[in-house]
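This report concerns only the one structure given below.
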4 protein chains.
Amino acid sequence: MNTENFGSSERLVTAAYVRQGAQGRRGHELLLRALLEQGKCPEDGWDESTIELFLHELAIMDSNNFLGNCGVGEREGRVASGLVARRHYRLIHGIGRSGDISAVQPKAAGSSLLNKLTNSVVLDIIKQAGVRTVTNCFVVPMATGMSLTLCFLTLRHKRPKAKYIIWPRIDQKSCFKSMITAGFEPVVIENVLEGDELRTDTEAVEAKVKALGAENILCVHSTTSCFAPRKTFLPLRTSTAPPNLVSSVNLVCIGVLHPDHLLKKKKKKTNTELEMFSYLSSELKKLADLHNERLLDTPHNPISLAMSLKNLDENNDVAVTQLGSMLFTRQVSGARVVPRGSVQTVNNYTFKGFMSHANDYSCAYLNAASAIGIKKQDVDIFLKRLDKCLKASRKGKEKSVNEICTSNTGTEQCEDQKIQT
Amino acid sequence: MNTENFGSSERLVTAAYVRQGAQGRRGHELLLRALLEQGKCPEDGWDESTIELFLHELAIMDSNNFLGNCGVGEREGRVASGLVARRHYRLIHGIGRSGDISAVQPKAAGSSLLNKLTNSVVLDIIKQAGVRTVTNCFVVPMATGMSLTLCFLTLRHKRPKAKYIIWPRIDQKSCFKSMITAGFEPVVIENVLEGDELRTDTEAVEAKVKALGAENILCVHSTTSCFAPRKTFLPLRTSTAPPNLVSSVNLVCIGVLHPDHLLKKKKKKTNTELEMFSYLSSELKKLADLHNERLLDTPHNPISLAMSLKNLDENNDVAVTQLGSMLFTRQVSGARVVPRGSVQTVNNYTFKGFMSHANDYSCAYLNAASAIGIKKQDVDIFLKRLDKCLKASRKGKEKSVNEICTSNTGTEQCEDQKIQT
Amino acid sequence: MNTENFGSSERLVTAAYVRQGAQGRRGHELLLRALLEQGKCPEDGWDESTIELFLHELAIMDSNNFLGNCGVGEREGRVASGLVARRHYRLIHGIGRSGDISAVQPKAAGSSLLNKLTNSVVLDIIKQAGVRTVTNCFVVPMATGMSLTLCFLTLRHKRPKAKYIIWPRIDQKSCFKSMITAGFEPVVIENVLEGDELRTDTEAVEAKVKALGAENILCVHSTTSCFAPRKTFLPLRTSTAPPNLVSSVNLVCIGVLHPDHLLKKKKKKTNTELEMFSYLSSELKKLADLHNERLLDTPHNPISLAMSLKNLDENNDVAVTQLGSMLFTRQVSGARVVPRGSVQTVNNYTFKGFMSHANDYSCAYLNAASAIGIKKQDVDIFLKRLDKCLKASRKGKEKSVNEICTSNTGTEQCEDQKIQT
Amino acid sequence: MNTENFGSSERLVTAAYVRQGAQGRRGHELLLRALLEQGKCPEDGWDESTIELFLHELAIMDSNNFLGNCGVGEREGRVASGLVARRHYRLIHGIGRSGDISAVQPKAAGSSLLNKLTNSVVLDIIKQAGVRTVTNCFVVPMATGMSLTLCFLTLRHKRPKAKYIIWPRIDQKSCFKSMITAGFEPVVIENVLEGDELRTDTEAVEAKVKALGAENILCVHSTTSCFAPRKTFLPLRTSTAPPNLVSSVNLVCIGVLHPDHLLKKKKKKTNTELEMFSYLSSELKKLADLHNERLLDTPHNPISLAMSLKNLDENNDVAVTQLGSMLFTRQVSGARVVPRGSVQTVNNYTFKGFMSHANDYSCAYLNAASAIGIKKQDVDIFLKRLDKCLKASRKGKEKSVNEICTSNTGTEQCEDQKIQT
């Protein structure tokens with residue numbers, strides 16, 4: 001609708017009502033305008049109606065949606081399946097031009113606009129997250145490993161002599177593989193135990209940089225988040241040259257940091273989230289006490305918790321891994337069981353105690369996290385099921401229980417689940 | 001997007017491309033404008049993109065989609081389920097005001113506009129279908145029977161003495177029940193056989209009107225379409241007073257006609273439709289010959305065909321109805337088997353030969369129609385399956401075949417179907 | 001997916017995970033089974049995923065979605081527009097058979113099943129709402145007036161002598177028109193004032209029934225809900241014969257009641273709803289006091305409130321209606337302004353004081369309601385805008401303010417709104 | 001629906017109809033089964049109903065859609081916006097596990113299954129396209145350049161000494177940049193002119209391989225498709241070692257070929273496509289003749305055509321590029337105007353005659369293609385608009401015409417377009 005069309009509408013519906021309707025449209029337009037002018041993440045989330053309207057508006061700016069268009073190119077945004085067209089809100093052309101992802105695509109003004117806005121909004125979010133010095137960014141659909149590889153390849157142009165990457169150990173395969181793929185040699189720095197927590201051995205990092213020569217080191221490659229009992233990381237303030245490359249804040253950003261501007265994590269957790277973490281924490285502690293185990297003391301990890309599985313481990317060496325599959329079968333997702341001493345080879349490098357970030361952590365344990373969106377109900381059901389599994393596990397009763405469950409799959413859920421749901 | 005927002009977009013994307021995008025939008029706007037100004041059915045159907053854009057534009061004119069609205073009424077178009085909101089394109093308020101369906105709803109300018117346009121477009125279609133004298137119409141979600149009842153109730157205000165409705169027989173229950181519900185007494189006029197065709201006995205109608213007295217008759221209640229071998233109907237040109245009420249041009253209109261303006265059916269059948277009808281007709285004739293049956297000669301019915309089932313009927317009295325269920329089981333939908341002499345009581349009136357529009361039609365028969373959208377594939381598969389069923393039926397083999405089919409449901413389709421699909 | 005397909009999946013994905021997936025499906029299936037077996041409204045609402053799965057499952061039971069179907073009927077559920085098909089979840093055939101809305105449609109097992117379930121669930125809801133004796137119901141898309149007309153026509157078969165309908169006045173046009181349309185003469189019973197409240201004059205009803213003779217009366221036609229200051233209604237317990245017909249528990253049911261089973265409204269208002277009503281009530285009272293008006297005392301109306309507009313009415317006779325349009329322009333929807341002494345003619349019957357349910361209610365007033373889904377924000381914004389409008393109205397400043405607002409439509413919202421939104 | 005639920009349905013709807021419905025479901029299940037068992041691209045495309053059913057079935061196999069699931073991981077597939085969930089058919093978890101994209105994700109059996117099937121189907125398509133020796137593939141969302149870079153990085157492990165990549169010139173930036181990003185030195189092989197066509201100088205390639213030493217060459221990097229007048233490419237059958245790397249058959253595959261198995265392009269063009277290409281070709285030839293230009297003779301390019309712009313180029317050096325923008329403004333998308341002698345620097349390498357694949361092609365020209373899905377209407381409108389633009393361009397009238405067009409943007413389309421649409 002535009003001014004003329006609103007005018008024509010007054011022939012059919014009382015003018016005052018049409019004006020009211022036009023004013024209603026205006027509300028949505030103002031949101032669009034604010035986004036277009038400021039390029040910042042809106043403080044209040046848009047409702048679906050506004051989002052869909054905007055996407056539709058963008059789509060009809062693309063040539064494949066022009067009513068009078070004739071397309072004689074090799075790629076004209078034609079779609080065989082309406083399903084696919086709708087899924088993409090009819091934004092079919094894609095963005096960029098060959099060899100330049102940030103170039104405006106002439107056939108697709110709407111898609112290009114969406115791309116520019118996306119980058120602008122993500123830049124705003126990164127800045128708000130504390131990385132004030134960032135000046136540009138773009139969003140591409142890349143998984144962790146490839147993104148890191150690309151960063152290393154880019155850094156190589158700046159540090160042509162470099163052969164090594166200093167890597168404070170974090171037991172995540174993509175991180176490790178990405179260095180090999182890019183053609184560098186990872187230098188593993190083992191973590192230091194402090195109480196129950198594992199933290200980056202910053203002294204060892206500094207010593208290694210000195211020993212190998214800063215110019216031979218591409219960067220220090222670390223991470224901001226990981227499972228307890230590893231501490232979340234703060235970039236190093238080394239006197240030496242190599243940049244710190246920090247990955248993950250889950251979906252978003254890969255940033256190369258100079259030693260003197262630190263990422264200030266100001267991830268505002270909402271009250272609900274804080275309450276849920278504290279609830280999970282206290283309840284898991286109670287359960288741990290009940291089963292003669294400990295909630296590991298990891299004050300520097302605000303999302304993930306770990307509970308020891310000492311008894312289980314000592315009595316029966318397969319019981320720990322079996323606990324994992326018991327929880328899985330009972331539709332507990334995300335609870336991660338870490339046995340002691342598992343050995344894993346990644347790209348010819350062998351790691352002892354893989355998954356625990358240390359060669360020989362003091363005990364087997366179970367991770368549980370209070371991530372965004374978790375509900376009290378999740379925590380309660382988790383604890384109830386965990387309690388049952390621990391009991392069954394101790395009594396060695398699991399085998400039979402498990403058999404009943406799986407044999408019933410497809411006809412009846414096991415008793416345990418019927419209670420919960 | 002409006003002029004300002006397109007302007008703001010030029011900050012992000014080349015101005016020339018944004019202008020092109022705005023021009024793209026313009027194409028859709030012009031279609032909207034034509035509809036709003038002329039209120040007529042567009043000659044070329046709109047594509048989904050334009051339709052959805054328009055619906056979205058209308059929705060944000062309704063108060064329940066205003067971003068700054070506060071609702072303190074008893075009914076504010078709030079929806080518990082997003083599924084429902086989306087299904088209705090967020091047009092939640094409904095139309096009309098209590099007691100007046102055509103009144104503009106102040107809370108819902110968009111919905112009201114859609115309503116006015118719908119009525120206007122349907123009026124245009126009715127006019128194009130040949131009913132030139134119609135001046136107004138409105139669309140309501142009513143089934144056949146209730147619509148007819150309402151028409152009779154309305155006519156009563158104009159003809160207060162009337163007790164009877166003259167009804168040239170058409171074997172469709174809603175038509176009949178509607179007269180009873182409205183409190184009138186139906187006067188059934190049996191059809192006359194002309195060759196294979198049944199046609200309305202207009203002389204009998206005129207005679208009955210004279211006998212009962214025109215002022216005692218509410219109307220002559222007939223229909224424009226029905227299954228072969230009944231002829232499709234033309235309203236009567238009687239010298240007497242009662243209006244002709246003609247129902248069911250499938251989805252659309254109920255009209256009360258004065259004797260002196262006839263409904264000119266100019267339903268343009270597309271080439272494809274004509275081809276399909278003629279293909280079905282000739283192929284069904286071949287099949288009928290093969291099985292020693294006849295394609296009934298019904299030149300005045302341009303959609304529905306009938307093939308005699310004489311042999312089946314004579315040899316085995318349950319075979320005719322069984323043929324129907326055989327076809328049904330083989331996923332032939334819409335083929336209608338009409339046995340001889342079935343008796344049906346509707347609202348205490350008993351009809352002989354119900355379904356055939358006559359007390360004693362000369363043979364049992366099967367109806368097949370070439371309706372809008374039918375494909376050659378439909379006709380071919382139908383004929384193949386019908387052929388098989390007729391053969392099986394004749395040999396009395398059906399029972400066993402049928403058993404195999406149904407017993408396999410859920411694991412395997414019957415051989416016949418595997419071939420087809 | 002069925003057992004075989006889950007089996008085939010194990011070729012591609014670990015068997016344990018596929019089993020887990022099958023178990024996940026099982027959860028949805030159990031909900032479907034409960035609904036199919038009990039036919040009752042589920043205690044916990046289904047999530048969208050389950051609803052959509054179920055609708056999809058039903059759709060593929062209809063012949064128009066059979067992959068191997070051939071359709072040779074006159075109506076085969078073919079759809080020209082994919083948009084329409086999707087909007088209806090591909091349930092295209094409709095339900096019922098001609099003349100019988102509750103008959104199963106052979107071409108559409110899925111649609112028929114949905115229809116049966118809908119009726120069953122609605123029956124369950126009506127029972128839960130307190131109408132224990134109801135044994136059957138069906139859902140049809142009918143507006144208030146036509147539904148009532150149909151009820152009256154049905155009752156006529158049971159009470160063939162009846163000419164009158166006793167109608168305790170409720171100022172809603174559909175209710176009134178429906179009686180005229182069905183061919184009956186309404187007998188209006190004026191309401192009685194009790195404090196600020198208007199209630200049905202049950203003594204007058206009984207006297208009228210006696211005077212006219214019970215057999216001449218079709219029914220007593222009343223309603224359960226209306227705007228304050230009218231009391232919500234309870235059906236009468238008369239010793240005389242005519243049934244009580246009670247309409248419009250907003251969306252749902254029309255019921256004919258015998259005098260000896262009362263509708264027990266057990267509409268459970270949730271805590272939030274009760275809180276909101278009490279909040280609106282106390283805040284509106286404060287505002288009324290501030291403006292030297294009164295919140296009318298209407299304890300028997302649990303949804304709608306009324307605030308007097310005495311001062312506005314006395315000083316300026318157009319001010320009351322103008323207040324309505326001022327609120328409307330400021331995107332307050334649902335606030336209903338009732339002036340004194342408005343005269344309205346409906347079907348040749350003239351009503352004084354229309355909208356107020358009484359010939360001469362003591363003052364003009366404004367209605368506001370706390371309906372389902374209202375939020376604190378709605379109440380706050382409403383009160384703020386109402387306050388502004390009352391002030392502007394008193395100072396006669398409205399004209400200018402209003403002009404600014406409307407002249408800016410399309411470019412800028414009025415100051416008032418900018419603050420709110 | 002499962003067997004039990006169909007059973008329960010028989011309580012509500014005639015058993016025969018429910019069985020028919022179950023059989024209808026069966027049709028869809030059989031398609032799923034065929035896909036799951038064979039993992040091949042179905043010969044007949046599925047209809048939307050089957051696709052959506054399958055996606056829904058997969059989604060409820062993922063833990064985030066389990067009704068009784070409790071999630072205590074750091075990433076549980078929770079989605080803030082229903083819009084996003086629906087867009088992804090509720091498949092939220094993603095696929096793979098850290099560091100291994102082909103690993104099954106335990107939380108997401110459905111997503112994992114979809115991933116495996118996708119890879120399997122794409123493998124089938126690649127094989128059908130003629131690459132019989134391929135044994136494995138996986139689909140990742142990567143643009144051309146990054147995909148190539150990754151291929152080069154992988155090849156490096158096999159050919160550790162290699163420094164050079166032999167690159168038969170193709171003027172597409174991604175191809176070129178990818179070699180630089182991966183850290184290799186491109187060796188450009190200029191094309192040879194044969195009639196109007198440009199073809200790869202295979203002798204020069206062989207000579208260069210010999211000169212540099214096969215072990216120093218990572219690969220010969222070529223392409224299968226490009227704009228006329230460049231010939232589409234066939235991989236080399238060299239006697240020397242380096243593998244041929246052939247990119248980007250539009251969306252699909254990157255393959256490393258050994259010299260002795262050639263890609264047999266058996267891209268079946270449908271009749272419609274062949275007709276359209278031949279129609280575009282003959283009509284463009286006519287137009288070229290009319291304007292005293294030539295349709296370039298490029299028999300080895302089955303998609304793209306080129307028409308000389310000799311006169312335009314000789315008379316006015318900006319006219320050629322202006323023609324491009326004239327076509328763009330008239331909503332002709334994809335028509336590519338190539339001027340002579342444009343110079344472009346990519347990663348410090350300077351190319352003369354960029355866009356034409358040659359330092360000095362004999363004339364300026366215009367590309368038009370008959371790509372998949374093109375309609376006769378596209379061709380007709382294109383030729384009409386091109387004709388107008390060429391005429392206007394020759395008369396130097398463009399400036400004024402263009403101004404009228406753009407100044408009218410937002411209110412009226414230029415005359416030319418009104419005629420077309």
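Including glycine, each Cβ sits where the backbone N, Cα and C put it.
Whatever TrEMBL says is automated annotation, not expert-curated.
Taken from TrEMBL as is:
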| type | residues | note |
| --- | --- | --- |
| BINDING | D:R75 | pyridoxal 5'-phosphate binding site |
| BINDING | D:R97, D:S98, D:Q105 | substrate binding site |
| BINDING | D:R330, D:K395 | tRNA binding site |
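For the binding-site residues D:S98, D:Q105, the largest tally of other C-beta atoms within 10 A is found at D:Q105.
The two recorded residues, D:R75 (pyridoxal 5'-phosphate binding site) and D:Q105 (substrate binding site), have Cα atoms 12 Å apart. DSSP assigns D:R97 (substrate binding site) to a strand. Looking only at other Cβ atoms within 10 Å, the busiest spot among the binding-site residues D:R75, D:R97, D:R330, D:K395 turns out to be D:R330. Between D:R97 (substrate binding site) and D:K395 (tRNA binding site), the C-alpha separation comes to 64 Å. Checking the binding-site residues D:R75, D:S98, D:Q105, D:K395 against chain A with a Cβ-Cβ cut-off under 8 Å leaves D:R75, D:S98.
Of the recorded residues, D:K395 (tRNA binding site) and D:Q105 (substrate binding site) place their C-alpha atoms 65 Å from one another. Highlighted in sequence order, D:G96, D:G99, D:D100, D:A103 have their Cβ within 8 Å of the centre of the Cβ atoms of D:R97, D:S98, D:Q105, the residues recorded for substrate, and are not part of that set. When the Cα atoms are compared, D:Q105 (substrate binding site) and D:R330 (tRNA binding site) turn out to be 50 Å apart.
The DSSP secondary structure for D:Q105 (substrate binding site) is coil. Distance noted between the C-alpha atoms of D:S98 (substrate binding site) and D:R330 (tRNA binding site) is 49 Å.
D:R75 (pyridoxal 5'-phosphate binding site) falls within neither a helix nor a strand when secondary structure is assigned with DSSP, and so counts as coil.
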